[in-house]
Amino acid sequence: QNMVMSFRVSDLQMLLGFVGRSKSGLKHELVTRALQLVQFDCSPEVFKKIKELYETRYAKKSSEAAQPQPQQHRSPEALSIHSAYERGSSVARTSLSTPNIDYPALYGKYLNGLGRLPPKVVKPEVRLVKLPFYTTLDELLKPTELVPQNNEKLQESPCIFALTPRQVELIRNSRELQPGVKSVQVVLRICYTDTSAPQEDQYPPNIAVKVNHSYCSVPGYYPSNKPGVEPKRPCRPINLTHLMYLSAATNRITVTWGNYGKSYSVGLYLVRQMTSAELLQRLKTIGIKHPELCKALVKEKLRLDPDSEIATTGVRVSLICPLVKMRLSVPCRAETCAHLQCFDAVFYLQMNEKKPTWMCPVCDKPAPYDQLIIDGLLSKILTECEDADEIEYLVDGSWCPIRAEKERSCSPQCPILVLGSSDVNGLLPTPNGNGENGKATADVVDLTLDSSSSEEEEEEDEEEDDDDDGPQPKRRCSYEKGLVSAC
């Protein structure tokens with residue numbers, strides 16, 4: 001490794017060409033390929049070639065050292081150190097370090113001897129959004145732009161890399177999510193080349209991914225039921241694990257893509273795929289909001305607004321999940337949501353596991369996993385209120401159940417509407433009259449009476465019916481106009 005690290009670009013290209021590897025790219029890319037070659041595929045012939053290049057290089061260096069050099073001429077060692085520093089210590093970024101070389105110290109001495117170099121310009125890198133169902137263990141290849149090699153519409157971009165023994169062990173010892181699918185995976189992610197913000201996964205047109213000698217399946221399109229709307233492809237990480245060599249051998253990945261103007265970047269990651277049950281357990285561990293904090297939020301939302309003419313005295317919250325129309329088991333909502341209504345975390349996570357959208361089913365706004373909270377107050381209410389499907393929060397933070405309409409129709413506070421013409425005794429009670437036991441009776445409204453004029457309502461009809469000897473009920477309305485409410 002020390003020999004390879006001291007090579008120039010021409011030496012690295014000769015070594016990689018000797019074993020049939022790609023010779024294109026920057027120096028740190030060539031160094032990475034050469035070090036992977038030494039680590040995994042170093043045969044006696046390769047070692048002999050490395051030794052030959054090393055001896056040839058230093059033979060030239062010793063002959064050049066006999067000639068006087070200008071004071072400002074940089075030695076090959078200084079150039080190598082400067083190159084490593086300018087690339088931001090690319091050797092360290094590839095997780096392949098060389099012992100016995102202190103680059104910062106050597107570079108500091110180099111600066112002291114030859115003066116200060118211009119400041120390094122750091123370009124922003126492409127970042128991908130974090131995916132709740134994938135925990136990143138290692139970054140195998142940072143997002144790298146797919147660069148077209150010609151003017152053809154269909155382009156191919158190869159990538160060669162090898163797994164370390166530790167990474168292979170993680171994959172082999174991981175559990176199976178389903179037959180043939182390990183929880184620890186090597187995944188390929190593709191996005192737009194945009195450094196302004198973390199990017200979501202986005203496939204280029206005509207995408208195809210080949211791993212070693214086999215093509216990998218890419219998610220198909222969702223059919224669209226709306227006329228004129230094109231089908232959408234779910235852009236997810238592509239699992240390459242089942243087609244890779246889980247050994248010291250190098251793996252070759254070729255991405256075929258359509259070059260139609262937009263720029264894309266690809267990255268490789270070692271991840272652990274999570275299930276909805278695992279995310280639910282994590283949410284229950286770290287995402288529960290204390291009932292007192294939820295109560296304070298309720299009081300804040302119901303607090304009287306000085307600029308409002310109408311005071312809010314309460315707000316209703318359903319105990320039925322809007323997703324599946326079943327009673328809530330784990331009431332959940334996003335902290336960014338303005339409503340108190342919750343949805344069930346179990347079904348929400350299961351739906352996003354199959355088709356990730358992370359949109360709140362109540363307000364249709366983004367509700368990402370890291371913004372979800374479990375409402376501790378509503379969880380407590382669900383255990384205490386088992387006979388109601390709806391509650392009402394009051395201004396002081398308390399709550400009361402709202403019973404079903406059938407139960408509330410029998411409440412004595414509601415006026416009773418009688419659709420007949422008389423009661424059992426043939427008499428209608430007066431509006432404020434008392435019953436036989438001296439108790440106040442409910443207001444009775446006879447909807448069969450004619451109330452076309454107030455003069456007729458005040459007249460008393462003393463006529464008797466020919467077939468009935470008893471007195472007829474007086475025709476009078478037992479309510480004031482506009483004050484009757486119907487349940």
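Cβ coordinates are placed from backbone N, Cα and C, and glycine is handled just like the others.
Features reported for this protein in TrEMBL:
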type	residues	note
DOMAIN	4-38	domain 'SAP'
DOMAIN	114-274	domain 'PINIT'
DOMAIN	306-387	domain 'SP-RING-type'
REGION	427-487	region 'Disordered'
COMPBIAS	453-470	compositional bias 'Acidic residues'
Practice prompt. Tally the residues of the domain 'SP-RING-type' (306-387) by DSSP class, grouping H, G and I as helix, E and B as strand, and everything else as coil.
Written response: 22 helix, 19 strand, 41 coil
Worksheet item: What average pLDDT is reported by the model for the domain 'SP-RING-type' (306-387)?
Response: 90
Item to complete: Write out how many residues of the domain 'SAP' (4-38) are helix, how many strand and how many coil, based on DSSP.
Response: 24 helix, 0 strand, 11 coil
